[in-house]
Amino acid sequence: MKNNYINTCVVYLMATFLLISLISIKKCTADLSAHPLCPDNLKDYCIHGECHFLEDVQEPACLCETGYRGKRCHELSMD
């Protein structure tokens with residue numbers, strides 16, 4: 001399965017000698033396979049993927065099958 005769970009990371013680069021602040025948004029992937037599988041009441045949360053439970057935030061997250069993306073692996077991917 002392709003790991004499509006994406007976190008947004010903000011990176012700040014300061015060029016103080018020019019008094020310019022550059023802010024860029026980058027996509028960061030998380031290794032969901034390190035998290036436990038979702039409990040039975042959430043086993044169908046991911047439409048086309050595998051549900052993992054993020055214990056630190058108490059939320060489910062999906063590892064999408066190839067060809068799918070989105071929070072619940074519900075969107076076809078053209079990648």
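Quick reminder: no glycine exception, Cβ is built from N, Cα and C everywhere.
Note that the structure is a prediction, hence the values are computed from the model and not measured.
Features reported for this protein in Swiss-Prot:
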type	residues	note
SIGNAL	1-30	signal peptide
DISULFID	CYS38-CYS51	disulfide bond
DOMAIN	42-74	domain 'EGF-like'
DISULFID	CYS46-CYS62	disulfide bond
DISULFID	CYS64-CYS73	disulfide bond
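In the three-state DSSP reading, CYS64 (disulfide bond) counts as strand. CYS38 (disulfide bond) carries neither a helix nor a strand DSSP state and counts as coil. CYS46 (disulfide bond) is surrounded by 24 other CB atoms, counting those within 10 A of its CB over all protein chains shown. Secondary structure from DSSP puts CYS46 (disulfide bond) in coil. Taking the Cβ of CYS38 (disulfide bond) as centre and 10 Å as the limit, one finds 20 other Cβ atoms among all the protein chains shown. In this structure, the disulfide-bonded residues under consideration are CYS51, CYS62, CYS73, and the one with the smallest number of other Cβ atoms within 10 Å of its Cβ is CYS51.
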